[in-house]
Amino acid sequence: MAVLLLLHPTVVTDPALAEASKKKWIQNDEEVTQHIIDRVANNIVEVPQNHYSKVVYINPNEAQHRGLPAQTIEQIFGFLKPEGKFCGDLPIDQNLDAIMSGFVVEDEHWLKPKPMASVAIPLRKKEKTDKNEPKKLPIFKKLNQDPGMTDTSASNTDEEETAIKRKLEESKLSYFSDDSDGEDDLVNEDELIDNSGLNYNLVVPKKCELPNGKRRRKSLLKIVLCGLKEVGGRAKDNRQRTLQDQILGSMAQLATKEAIEIEKRLAKSVKFTEDELTEVDFTVQGKTGGCNSCALGDAFRCDGCPYLGLPPFKPGEAITIDGIDEDWS
């Protein structure tokens with residue numbers, strides 16, 4: 001029986017471990033071929049297809065570090081014969097990859113199933129007929145006995161209609177019946193009142209009169225009690241007005257405080273006099289522009305100076321047209 005032994009690179013560094021693994025998985029009568037799994041996965045070594053009855057993978061690492069690429073699992077599947085086994089230090093969490101490659105996952109190994117033989121299913125040949133021969137129409141048999149009427153939409157007899165109307169009148173569904181005449185019975189409201197219910201004793205208060213015919217005066221206490229009701233209502237209104245006055249008063253105080261603060265801010269603001277707000281006259285001594293050099297000449301004047309083009313002058317000196325007559329000529 002041909003056996004392929006795939007060794008992890010760490011096994012090669014320890015010859016004693018390699019020999020112990022061979023004794024564990026391989027018997028004396030088996031033909032063994034060993035390769036490093038990296039060389040097999042990278043196609044450096046040529047391995048025959050469908051040749052080995054068993055492939056043993058030896059990996060001394062822990063179980064969670066024994067993973068194999070899905071492509072390598074497919075290669076191992078191709079090395080095995082039908083019903084061949086892949087055993088050894090198998091990865092613990094790649095059963096799905098093994099199934100996708102074609103293996104049948106079992107407890108201690110992965111099995112390559114034997115391919116199922118194809119079964120030929122004979123097809124029934126149609127009888128050849130002459131194309132010119134006309135096709136026969138299907139034949140239907142007529143029933144010997146007519147079936148009974150099962151249509152419930154047949155018209156009812158007069159007795160059935162009478163029975164149905166009587167049932168509708170006896171039940172509450174008579175209100176929804178379409179056979180009603182559409183006339184509503186009017187009820188007289190006066191008949192609902194019984195005359196016996198009207199003969200109840202009415203309590204009539206006695207007149208405030210004395211036996212001698214004089215009217216009894218109301219006592220001071222009653223007058224006070226009657227007045228308390230009015231006083232209570234007025235007190236309630238007064239409380240509401242007082243509450244409203246308090247709210248309005250607090251709002252007025254807040255408005256006054258804000259007005260005082262605004263006045264304080266306005267008092268601190270910078271105010272200009274009329275002399276300061278008037279247009280600057282550069283012909284008057286002490287009045288200067290932003291550059292303070294309007295009287296020196298164009299070389300010292302700013303871009304917006306109104307005296308651009310005029311000769312230099314002294315502050316306070318009157319400028320006449322005769323002085324610049326030569327420049328305009």
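Each Cβ is built from the backbone N, Cα and C atoms, and glycine gets one as well.
Values in this document were obtained by computation on a predicted structure and should not be read as measured data.
The region 'N-terminal SAM-like domain' feature in Swiss-Prot is assigned to 1-121; the stated evidence is sequence analysis. Across all of the region 'N-terminal SAM-like domain' (1-121), the predicted model scores a mean pLDDT of 85.
Here Swiss-Prot flags 122-199 as region 'Linker'.
According to Swiss-Prot, the feature region 'Disordered' maps to 141-162.
Summarising the annotation, Swiss-Prot assigns motif 'Cx2C motif 1' to 291-294.
Taken from Swiss-Prot, the feature [4Fe-4S] cluster binding site applies to Cys291, Cys294, Cys302, Cys305, supported by sequence analysis. In this structure, Cys294 ([4Fe-4S] cluster binding site) belongs to neither helix nor strand by DSSP; it is coil.
The region 'Fe-S binding site B' feature in Swiss-Prot is assigned to 291-305.
Annotation source Swiss-Prot lists motif 'Cx2C motif 2' at 302-305, citing sequence analysis.
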Count of other CB atoms lying within 10 Å of the CB belonging to Cys302 ([4Fe-4S] cluster binding site): 12
Neighbour count (Cβ, 10 Å) for Cys305 ([4Fe-4S] cluster binding site): 17
Helix, strand and coil totals (DSSP H, G, I; E, B; other) for the region 'N-terminal SAM-like domain' (1-121): 40 helix, 32 strand, 49 coil
